[in-house]
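Colleague: Sharing a structure below in C-alpha cells format, with a few things to ask.
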Amino acid sequence: MGSNLEQEVDSASTGSPPKARVEFYDPYKESVWTRVGLTFESFKRAPGTTGGQVVSGSQNVSDLEKVLADAPMLQPKMKPRHLTMIAVGGSIGTGLFVGSGSALRQGGPAGVLVAWILIGIMLINVTQALGEMSIVYPVSGGFYTLAVRFLDPSYAFAMGWNYVFQWAVTLPLEITVAGTTVQYWGTDIMPLAAWITIFWVVIIIVSVFGTLGFAEEEFWSSCLKLLVVVLFIFIGVVFICGGGPSGGAYDHYIGGSKWQNPGAFANGFKGVCSVFVIAAFAFAGTELVGLAASETPNPRQTMPAAVKGTFWRITVIYVTSLTIIGLLIGYDEPRLQGGAADIDGAAASPFVIALGDAGVNGLDHFVNVTICISVLSIGLSCVYAGSRTLTALAETGYAPSLFTYVDKSSRPLWSLIAILVWGALAYVNVVAVGDTVFRWLVALSGLSTLFTWLSICLCHIRFRRAWQAQGHSVDELPFKALGGVYGSWFGVILIVLVLIAQFYVAIWPIGGMPDSPRETAENFFATYLAVPVMILFYAIGYAWKRTLPQRAHEIDLNSGRKSWLTAEEMNEWRAERRRAPWYIRIYRILFTN
C-alpha cells in the first residue's frame, strides 16, 4: 500500500461496537537504504504486514481491511519479470548441465528423453495446480501452508521439514560444486577451501539484499542460462549436420548414428528407471514459484505467465537440448562419470564435452562459466526456499517462534541465518571423508522433491473437492489448471511409479547386487533413506499435535484468500477476452491467462 492505512469500520449503522483498527506497515516511509537492507534499522522487526497484495473482487468482501491484513509478513517486492524468469530458468543448474551426463550414461539417449518427457508432463500438471491455488491463496510458505490446510498438519510437518533439510544440505553441495567447477581451469590456482569460502561469502552478501537480491540475481542468471542453452541448441544442430570445425569430431554428418552405435538405451528398463530420479533432481526448484507468489503484489496478474513458462522451459530447454546431447555423444563416452549428487565439476558435463570435442575454442569455457553461475544461482535458491519454508513452519507452530522474525527489509532473518550456516559443511569435502558424509546427508532428504510435488497434486485434488463441497463453482477461479483434477491424479500416479522405480533400482542396482550384504544395505539406504525418515517425521508430527485431516466441508477456504470474484464476474471477463483478435488470443493461451 502506498501509505499507512488506518481504517475504522463504521459500525454506527449496525449498532455493533467499533472494530479494532488495523495498522499497516508502510516500508516507503523508511529510507531506501533500509528498504534494501543496508542499515542497522533494516534489521529491526517489521511492525506489521504491508497489506500490499491486490484483492480481486474486493467489492464482494464485507470486511476488506481484515482480508488485507490477513497477508504474509513478507513484503510483495517481486516484479512480474522476476517471477517469470524464476519459473523459466530458475532451476536450470547442475541437474541439466552436469547430471544429464550421468543420466545419458545410465539410460542412453532414448532413456533420457522418456524420463525427462514423463517427468516434464507431470511437472506441467504440478505447476498448473500450484498456480491455480497460489493465485487464490498467496500465503506464506506456499505449498507447505496449503498442505497444512488441505491435507494433514502432521504430513505437512514431515514434508515441510524434509523440504527445509533438502535445501539446507544442497547449499554446501552446490558451493562445493562451484569450487570444483572453477578447478576446470586448473587445480593449482587456489585451494578448494579458498574457492568454497569465496562462493559462500558471495551467497551471504546477495542474501543480505533479501527478496530483491535473490530476484534480481535469478533474473539475470536465468537470462544467461537461457542464452547459453539456446545457443548450444543451434550450434548442436550445425554439428549434427557436419558443420563443425575441420579436424573436430563433428566435421562430417553424424545424424542419428549415436542412437545406432552404441544404441538408444543403456541398461534396458533398469536404466530408464534410474534416470527418473536424476530427471526429478534436474527439475527440483520448479515449485519455487509457489513460494514466490506470496511476495508478488498481484499473483493473479503474474502467476499465469510464470506457470506457462514452465511448459516452454521443459519443451524448449530440457527436451530439445537433451535430444541434441543424445545425438552428439554416445552413452559409452568414458568422461560421462558425473552423477546428480556427485562432486565432479564441469569435466563430466556433456555440454562441455561436446563443445570441447568439436574443437570450438572458448565456447567450452563460456559454458563452464555459465555452469558456475548456475550453481551459485541454485545456492541462492536453497537459501530462499529453505528460509521461507522454515518461517512458515514457525508460523504454523511446527518450528521455534524465533523463525517468525521478519525484518523491515522483508528478510526472515533468523531463518536466513539458519540456512546459511549450513554452507560451512562444504569444507567437509576438502578431506577424504567428505564424500561419505554428503552421501548420507543427501540420502536423508533425497526424495524430498517428489514428496513435495506429491503434496501439491494431493492439495489440488482436496482443494477442488472442498471448493465444490462448500458450494463454489470452478468458474470463480481466476486461473484453472490445464488438466484439472485429472492432471493432478496423473501427477500422483506418476510420482508413485517413480518411487516404485527408485525402490526397484535401490534393491537391484545397475551392474548387479554387490557381493557384500553390508554394501547392499548401504546402497539401498543411500537411495531410499528419505522414505523411512519421512514416515518418522510424520509420526513425530502426529504425536506432537494429534491432528487429523479435515473433511471437505470443514476445510477453511477463506483465510489468506485474495480472490473473491463471482462466477458471473469471471465468465464476463472470459467472454470479453474471447472477443480479442485471434493472434492476441493465441498469445494469451501460450504465454499468459
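Just so you know, glycine gets a Cβ as well, placed from its N, Cα and C.
Note that the coordinates shown come from a computational prediction; the quantities given were computed from them, not determined experimentally.
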Colleague: Of the residue ranges 1-20, 241-260, which one carries the region 'Disordered' annotation in TrEMBL?
Modeller: 1-20
Colleague: Could you give the residue numbers and ranges of same-chain residues that sit at least 6 residues beyond the transmembrane segment (525-544) on either side and whose C-beta is under 8 angstroms from one of its C-beta atoms?
Modeller: 153-159, 161-162, 398, 439-440, 443-448, 451, 499, 502-503, 505-506
Colleague: Looking at the stretches 83-104, 110-131, 413-434, 482-505, which one shares the most CB pairs under 8 Å with the transmembrane segment (226-248)?
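Modeller: Ranking 83-104, 110-131, 413-434, 482-505 by Cβ pairs under 8 Å to the transmembrane segment (226-248) puts 83-104 first.
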Colleague: Restricting to CB pairs under 8 Å, which listed stretch, 110-131, 365-386, 413-434, is in contact most with the transmembrane segment (440-461)?
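Modeller: The stretch with the most contacts is 110-131.
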Colleague: Summarise the model confidence on the domain 'Amino acid permease/ SLC12A' (82-549) as a single mean pLDDT, whole number.
Modeller: 86
Colleague: Taking contact to mean three or more C-beta pairs under 8 angstroms, with sequence separation of 6 or more, is the transmembrane segment (268-290) in contact with the transmembrane segment (413-434)?
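Modeller: No; fewer than 3 Cβ pairs under 8 Å.
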